[in-house]
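OK, TrEMBL features for this one:
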type	residues	note
TRANSMEM	12-31	transmembrane segment
TRANSMEM	43-62	transmembrane segment
TRANSMEM	77-94	transmembrane segment
TRANSMEM	106-129	transmembrane segment
TRANSMEM	135-153	transmembrane segment
TRANSMEM	174-202	transmembrane segment
Amino acid sequence: MALHGNLLSALIWIIIAAVFDFCDGFAARLLKAYSPMGKELDSLSDMVSFGFAPGMVVYWLLGEASTALPFGSLNTYIPYLAFVIPTFSGLRLAKFNIDERQTTSFIGFPVPAHALFWASVGYSVLPVVHANEGLFVLVTVILAFITSLLLVSEIPMFSLKVKSLAWKGNELRYILIACAIIFVALWGFLGISGTILLYIVLSIFNKKG
């Protein structure tokens with residue numbers, strides 16, 4: 001879908017995948033149904049849904065914008081820079097599988113959040129792809145590399161896993177959920193990427209605190 005420019009469908013399916021990923025993890029914790037095979041299969045599905053899919057969104061955006069750039073045949077290679085996203089997503093998932101520190105929280109940007117960010121940004125920026133192709137490509141490539149590096153960073157990030165529904169201990173989660181509702185109500189799908197940016201900021205300030 002993303003390869004054919006249907007970024008709305010790509011966004012919706014990535015959202016659905018994220019919901020199922022959360023429910024799958026919740027059910028596994030509830031039933032205490034863990035297995036090495038299940039862990040690897042979960043990572044494989046995450047690689048497709050949250051690594052390859054957002055990479056194809058950015059690939060299409062760069063391909064669409066780079067056709068107007070004055071680099072001749074080099075324009076055809078620019079979209080391949082998007083493969084930094086699935087590459088670092090794979091590294092992130094491999095790191096997660098062997099990192100025993102990430103049981104109740106995350107170290108680095110989680111791949112589902114990363115995918116949601118790019119899917120929502122990709123759909124939301126469609127009207128401005130051709131407004132200034134050179135600037136669009138430059139900003140998109142720089143942002144893709146920054147977010148990809150965040151995937152494998154050592155920045156602690158809180159998860160949405162809860163042990164109780166009490167306010168104490170869940171302050172950041174409730175703040176994030178409340179802001180997500182407001183952002184989506186105000187900005188539509190772009191509110192998803194706004195929520196993800198807030199998640200990064202809250203995680204960084206939580207670390208400092």
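Using the three backbone atoms N, Cα and C, a Cβ is placed for every residue, glycine included.
The shown structure was predicted, so the numbers you read here are calculated from the model rather than taken from an experiment.
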Quick test of the contact rule: Cβ under 8 Å, at least six residues beyond the ends. What residues does that give for the transmembrane segment (43-62)?
2-5, 7, 10, 13-14, 17-18, 21, 78-86, 89-90, 93-94, 96-97, 111-112, 114-115, 117-119, 122, 125, 129, 136-137, 140-141, 144
For the transmembrane segment (106-129), find every same-chain residue at least 6 residues outside the stretch whose CB is under 8 Å from a CB in it, and list them.
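For the transmembrane segment (106-129), the list is 2, 7-8, 10-11, 14-15, 17-18, 21-22, 46, 49-51, 53-54, 57-58, 60-61, 64-65, 85, 89, 92-93, 95-96, 99, 136, 144, 147, 150-159, 188-193, 196-197, 199-200.
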When you scan the chain for residues with a C-beta under 8 Å from the transmembrane segment (174-202), skipping those not six or more beyond its ends, what do you find?
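Non-local partners: 11, 15, 109, 113-114, 116-117, 119-121, 123-124, 150, 157-158, 167.
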Would you mind listing the long-range same-chain contacts of the transmembrane segment (77-94), meaning Cβ under 8 Å and 6+ residues beyond its ends?
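Counting only partners 6 or more residues beyond its ends, the transmembrane segment (77-94) has Cβ contacts under 8 Å with 43, 46-47, 50-52, 54-56, 58-63, 66, 69, 71, 108-111, 114-115, 118, 137, 141, 144-145, 147-149, 151-152.
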